[in-house]
Amino acid sequence: MLPSYHAVLLVVTLGAGILGLILCFTAFAGMDIDYRLLMLTAFVLLCNIWCGIIFLSGIKQYRAILLLFVVGYGSAVIFALFLFPRFGLNGLIGSFVLGHILLILGMHALIYRNFRSEKYISWQVFDRRFNYPRLGVVGLCYYLGEWLHKIQFWYYPFTGQPVIGPLHASFIYDYPIFLSYLAVLPGMAFFLLRIETDFVEYYNAFYDAVRSGGTYEHLQNMRNMMVRGVRTGLYEVLKIQGIVVLLVFAFGQDLLHLVGISVYYLPLLRIDTISASLQVLFLVAINVFLYIDRQRVVMILSVLFVVLTGLFTWVTLKIGPETYGYGFALSSFVVVLMAIFYLEQYFSELEYETYMLHQDELVYSHN
């Protein structure tokens, strides 16, 4: 694994570096050289950190990742307190860079502590046998859907304002959407716990029983427990986020006062919290589909998500401020309903798909 990680890291670093350099001398040509170098460094570091997160997540190092992020971003805040008064904007970006340097150093220390290899780099990871283009489409469309509505608000004439160079922001939309994503932390934490315990445990038990020739009664029990784990996980996340939404509706005005934001943002905060909560449910469904290797379903849902988000957000921007935020909420609601429908369909046909559509794989694994 380690040689493959080095190969991916090298390709990502070169790609990010080349793209960053092009942007430095085109889109950000009017900025001072210090700012451009710091932005380039930050961009390359972020790309490397994503590779490290994916690698560490694959070996279930969740607590270590959390601790590293606390140290990295905590350090960035401390650096900013000292550097911002003296260097201004460049001091803030420099603090961001220093925090990420600490973060990636910690990640690599953890990686090299858990992995050893005599070979430094291997290009086998790019072999066509290990290519999964559907997952590439899933990653692109899911994250594009997450950001597309924000980008539309940033660059729409009546909602966006230029910040630095080609970068824009939407002071109407950015504040409530940021607070709404903080509100989904309880649901996200529970989701990770539920998926990594109940569902995965019974999922592995079901297919172990299939491969080892378990009794039909045992298979049915494992199948029922797996389905119950998914349904319970979705229900619990829905319940937790429902409570959060109710709290935002009840105390949202006080929260806005607390952080120094106008109460005129309250309607957006409410609908954005609903949207973000739906996104947690969508993420739960996507992860379950990926565990059971339903890449095509996830790809369809992800493509639909980005298309609907772009379309519905554009419509709400045209209608006016009273509908802002509803486009993202509606697109999230549609894909969550479809994901639940697909899940129910899959579990109702689980035994048929397992025995009739994968006979060769089962015989091979049993032998």
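Backbone N, Cα and C atoms are what each Cβ position is placed from, and that goes for glycine too.
Automatic prediction, not curation, is the source of TrEMBL annotations.
The following features are taken from TrEMBL:
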type: TRANSMEM; residues: 7-31; note: transmembrane segment
type: TRANSMEM; residues: 37-57; note: transmembrane segment
type: TRANSMEM; residues: 64-85; note: transmembrane segment
type: TRANSMEM; residues: 91-111; note: transmembrane segment
type: TRANSMEM; residues: 132-155; note: transmembrane segment
type: TRANSMEM; residues: 175-193; note: transmembrane segment
type: TRANSMEM; residues: 233-252; note: transmembrane segment
type: TRANSMEM; residues: 264-290; note: transmembrane segment
type: TRANSMEM; residues: 297-317; note: transmembrane segment
type: TRANSMEM; residues: 323-343; note: transmembrane segment
Contact check, the transmembrane segment (175-193) vs the transmembrane segment (37-57), 3+ Cβ pairs under 8 Å, seq sep 6+: no
Interface present between the transmembrane segment (37-57) and the transmembrane segment (264-290) (three or more C-beta pairs under 8 A): no
Intrachain neighbours beyond the transmembrane segment (64-85), with Cβ under 8 angstroms and 6 or more residues off its ends: 53, 56-57, 91-92, 94-96, 98-100, 102-103, 106-107, 110
For the transmembrane segment (323-343), distant same-chain residues with Cβ under 8 A (at least six beyond the ends): 145, 149, 153, 159, 172-173, 176-177, 230, 234, 267-268, 271-272, 274-275, 278-279, 281-282, 285-286, 288-289, 294, 297, 301, 304-305, 308-309, 311-317
Recorded stretch that, among 37-57, 233-252, 297-317, has the most CB pairs under 8 Å to the transmembrane segment (132-155): 297-317
Long-range neighbours of the transmembrane segment (297-317), counting only residues six or more past its ends (CB under 8 A): 134, 137-138, 141-142, 144-145, 148-149, 152-153, 156, 158-159, 282, 285-286, 289-290, 323-328, 330-332, 334-335, 338-339, 342, 346
